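Taken from TrEMBL as is:
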- A:66-107: repeat 'WD' (REPEAT)
- A:157-199: repeat 'WD' (REPEAT)
- A:205-247: repeat 'WD' (REPEAT)
- A:249-290: repeat 'WD' (REPEAT)
- A:342-373: repeat 'WD' (REPEAT)
Amino acid sequence: MANKEMSVAELREKHMAAAETVNSLRERLRQKRLILLDTDVAGYARAQGRSAVTFGPTDLVCCRTLQGHTGKVYSLDWTPERNRIVSASQDGRLIIWNALTSQKTHAIKLPCAWVMTCAFSPNGHSVASGGLDSVCSIFNLNSPADKDGNLPVSRMLSGHKGYVSCCQYVPEEDTHLITSSGDQTCVLWDITTGLRASVFGGEFQSGHTADVLSVSISGMNSRMFVSGSCDTTARLWDTRVASRAVHTFHGHEGDVNAVKFFPDGNRFGTGSNDGTCRLFDIRTGHQLQVYQQQHGENEASQVTSIAFSISGRLLFAGYSNGDCYVWDTLLARVVLNLGSVQNSHENRVSCLGLSADGSALCTGSWDTNLKIWAFGGHRTVI
Amino acid sequence: MPSTRGSFSGVVGEDGVQYSFAMEYSGPPVTFDIPKAVPIDVETIPVASVVAQVSLSDKLSLPVVQPILPLDNRSKMFSKELKLLGCEPTVSPTSVIDGHECVSKEITLGSEASVSPHSVTAFESGVTDNQDCVLSGELCRLGALEFSNGRYGSSELLEMVNVCQSRSSISHGNSHELVGGAGSSGMFEFSEGIGKSGELFGSSCELRASTDFGKENLDANISNPPDWASSESVLSLDRRSSEVSSFRSANGKNLSTSDFKRPVVTFRGVDTDSSVNEESSIFEAKNSGFQKEPYNEAKKGKGGSCYRCSKGNRFTEKEVCIVCDAKYCSNCVLRAMGSMPEGRKCVSCIGFPIDESKRGNLGKCSRLLKRLLNQLEIQQIMKAEKLCEANQLPPEYILVNGKPLSHEELVILHSCPNPPKKLKPGNYWYDKVSGFWGKEGQKPSQIISPHLSVGGPINADASNGNTQVYINGREITKVELRMLQLVGVQCAGNPHFWVNDDGSYQEEGQKNTRGYLWGKAGAKLVCALLSLPIPSKSANSCGEQVHNLDARAVPDYLGQRTLQKLLLVGHYGSGTSTIFKQAKILYKATPFSYEERENIKLKIQSNLYNYLGILLEGREHFEEETLADMRSNQSSDESSAAITSLSPLMTQGATDGNFAKTIYSIGPRLKSFSDWLLKAMALGNLDAIFPAATREYAPVIEDLWNNAAIQVTYSRRNELKMLPTVASYFLERAADILRTDYEPSDVDILYAEGVTSSNGLISMEFSFAQPEPDDSISTADQHDSLLRYQLVRVPARGLGENCKWLEMFEDVRMVIFCVALSDYDQFCIDGNGPPMNKMLLSRRFFESIITHPTFDQMDFLLILNKFDLFEEKIEDIPLSLCEWFDDFHPVTSRHRSNGNSSNINSNPTLGQVAFHYIAVKFKRLYSSLTGRKLFVSSVRGLEPTSVDSALKYAREILKWDEERINFTLSEYSIYSTEASSFSQ
């Protein structure tokens, strides 16, 4: 008996020592990286004499306001080809919008009103949503409505032990979906069977150590995805290797609220509670750039959501104070603040996304509205 | 019908609804006017010529030209004629000009002599100023023309209206001919004149006049220009639009473009008593009178150019805003109306109530939209238009038994099992006893749910009957009497009947039921023939009604308003799920569906296997231990007889170390089962294989449970840390539970672990209304049952300062925080640190929740749960085991006297004293952090009444919250302390 107690104490000690070692190694790694990182993207670009993109106040204008939600909008997603948007709100509904006419085509009442995320399937025939019920629900838009006019849930993906914070369909695959959850894991689902194909992180201490808040699947290589978490890190995963993360990216000083792959698939951006966006390179593991607006004495507001323009030159970032900056990724300069132009949102910008052809940006806000911004005049899409 | 309109609209006036109309309405026309005003002056000449032609061709204008010269005489004469006999349509063209005069007479209600000169002179001055009388004549004619279009019957009243119309058009003529600067003055003069005349006979006349005026203006403005595009008319267009807007703002009501004026007149005839509200009531009456008109106009494209792009003419198809009547062409409609969250409204009109005249068009799609949008989009728009809250019928527009409804009453009416069909603004009577429902002054139209507490008491003349036969105090109509006679009810001697909702009737003052109305074979047929209502099927089954309380569909917009959210949080093991289950069992007619019960059954059974597994593991452990002890004993003193403290349990001395049998040993069959179960548990796939295994192993389980070794292990269950305390409840009935035909009872479900998902949020809606078998539901209860509550239980995991999703709950009304009292001696490992007292963990969690910014100013109800366990425990284990409670000294009398006055009569038990002590601890903590008052209740989660009273206490707090302003602070504090101890 006493022997056993001793061994437990011993083990704990060993564990502590190991953790200590890991931390010191991590610190050394960080130092090393700092030494290697003698410049950032903006510094180099400036040295090359590049200048920032210029944006007039009318170059990006709000051309549609999608009204119809009665609660805070939490998430939105575009269809890959057609101009439709799905949005999820605290009023307990998913709404499918036709972005061109700004009309609703479906309003789906959710079984659980506390929804956090939604996604369109690649073929545009179904949508997925997840929230505090810890279930990811799939709705087939073509299935007939029940007697109350509600669309039935066509598949429940249950198995998470915490809320579902984000979901994204694997590009070109309508049957696979990756979710992130408050139970510190990400899961790759097979929708046809409703079962978990792989679980990333969780019990074995190889994954995130806090709630995972977002995922983004690489558009170039759909086997790779990144996840951002409350443990202030972002991790890169290979769906074939569930046991451990390919890479862990440190740098943020707050929860990583948003991750998004760069269009070329070799980099990804993050947005965090610390008020910064960062650009990381997945091949070197380096942090390439920090996008931080120099605020005065007042605390920087949190980044809630990010998106890249189709070329990657622009980074759109929504902030908790209602700002929405357009960053020049090359020069790390804010070229436009959509929060200060006319018709801007009156509350936190909670989500944003770019249409597949890059011609329009949709922002969702806690003021219950979504807005579609398009490049005005003769400016070409970049 | 007439009276309906009159008084109904009077109500609207009181509420000043029309004022908001005015505000919002002034927007669109103004933007429209300003750009247009200037160009029109320039273009006057070309337009003029066209108009003249059109007007000529349109009408055989001979009669018009003639009357212009002998204006005064003729008009006077004519007006008299008009008044005396109902004019034929043929007269109307000529009457136009006289109309002016005539109107003034009308306005003065026949006393031409005194007042009419007044107005006439005003008019004349206008005319004399203006050079071409012809034009004014034309104008007049046009007005008349319109009138003849818009009218179907020729009654005296209508003629008068017609005259009014033409009069006003004349005045327009004047006004715009005087454009030079004083153009409008003539007009105002005129209205002044009317005003004076009105003084004599009450403001209603004046108002009517001005209304007509404004309406006419608008009419001309919007619909006529293309017809008569003379320079004057164009000018007048501009003029008028501004005038219109001024009228609008003055009258505070959107004047529809129609010239269909019958309601106005009827109103005047009826509404003699309520002179104060007449201003608005005119408009209301009018609006409800001609619902079709604006829509048709839009369809015909009569309304001129698009409000947004100013292009197009009246022939282009347009969509109309259901609030402000703005019209948009197909290019602009999507821009102007945006995503139409409330149907076809301009973006600026969103959130405003609709124009009542357009209520009939709600949800009816136009071709224009159908062309622009696809089917799904249109469905969504129409659905939103019909169902969104802003477009709903304002409750005060509906009068039941002469009393305007409140919002709650309308909800009751809408949500009753058998609601009135197609409820429109108006005056209704409702017989609460029998459920008869009809329009004021008419026979019953429907039988709705009885006993609804809506409206006032029914009047004897509600249906305007004259038969002297009464049903439930209402004098019935002839048709009804006939029906009664046909079905064989004795109606001789003008009896007074009482008819109940089931159709049974009795004579007033007599006890015995005389019969059943609907029991007679032909009764329903007779009713159908006489177009009288028959009871719907659901109306008969009263018992069902109450039962369906949960199921009946309350529209979303109503549901949202009456739903109060209660958030249930608590640290792991605090019993939140038990409370949730208990609430489900308490307030739901069917707490768990068949499927749920099946799942629960499987869950309970798999739990039981788990408990057994833990027992078996414990058994192995104990066996090893005993054997090890035995071996050490053997080695220490070789004697086989040596008996240690543990060995008395040995049944057989094991002489050789290899085969030892202890009291913990089991037979090979059970052993193999045990090995299999433990292996399955270790692999974690017990859930996957177990349902199939139940049948196979059920007999084994019974043997196993009865096995002495297991029983001995079970007696040492306190040493098995993994075994939860509830396990014994199930283990002792293991054999029963593992049968395939086992049906979990409510208590089983309450005890069962893991029935409610611990991973995610769960919520349930409920109301406190108790199903009552008899149908006499008191008013208070009915209102109560409308108040729906949603109990939301969230997992404790991840709830903390940094919690991302707690802000989703900023709309909850109250947070119910659960703490298990019996936790004070429990420890658990939190993170990597040393074991922590669970009570302290709860306290830490409590602090983080109450200080969370989302819950600023939120009411908190602390539920100190597991009071039963706590009472037992506190007798053995001192409370001071938890360091937070180290100053608890129950032996001193101080606490007893301090305790609570309500307990002074009965000697409080140690448990009660300790509960109060803990409650005060939490209250102090709460007020030190938030400066407010904490509500506390003790609960035994497994007792239904205890949970019920705690939740009802929560309801009282919410109610109290709404009334708090009325009480002084001291009263408040007394209330709260008493209430906090009320549930023990």
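Note: Cβ is positioned from N, Cα and C throughout, glycine not excepted.
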Inset, instruction - Take the repeat 'WD' (A:342-373) and find every residue of the same chain, 6 or more past its ends, with a Cβ under 8 Å from one of its Cβ atoms. - result: 60-67, 69-81, 83, 85, 87, 89, 91, 97, 99, 102, 304-311, 316, 318-324, 381
Inset, instruction - Determine which residues of the chain contact the repeat 'WD' (A:66-107) at the Cβ level, with the cut-off under 8 Å and only residues 6 or more beyond its ends counted. - result: 113-120, 122, 124, 127, 129, 131, 139, 141, 151, 166, 171, 347, 350-356, 360, 362, 364-366, 368-372
Legend entry - Within-chain partners of the repeat 'WD' (A:205-247) [C-beta distance under 8 Å, separation at least 6 from its ends]: 162-163, 165-168, 170-173, 178-186, 188, 198-199, 253-261, 263-266, 268, 270, 272, 280, 282, 285
Inset, instruction - Would you mind splitting the repeat 'WD' (A:66-107) into helix, strand and coil residue counts from DSSP? - result: 0 helix, 24 strand, 18 coil
Legend entry - Counts by DSSP class (helix H/G/I, strand E/B, coil) across the repeat 'WD' (A:249-290): 0 helix, 22 strand, 20 coil
Inset, instruction - Report the DSSP secondary-structure composition of the repeat 'WD' (A:205-247) as helix, strand and coil residue counts. - result: 0 helix, 19 strand, 24 coil
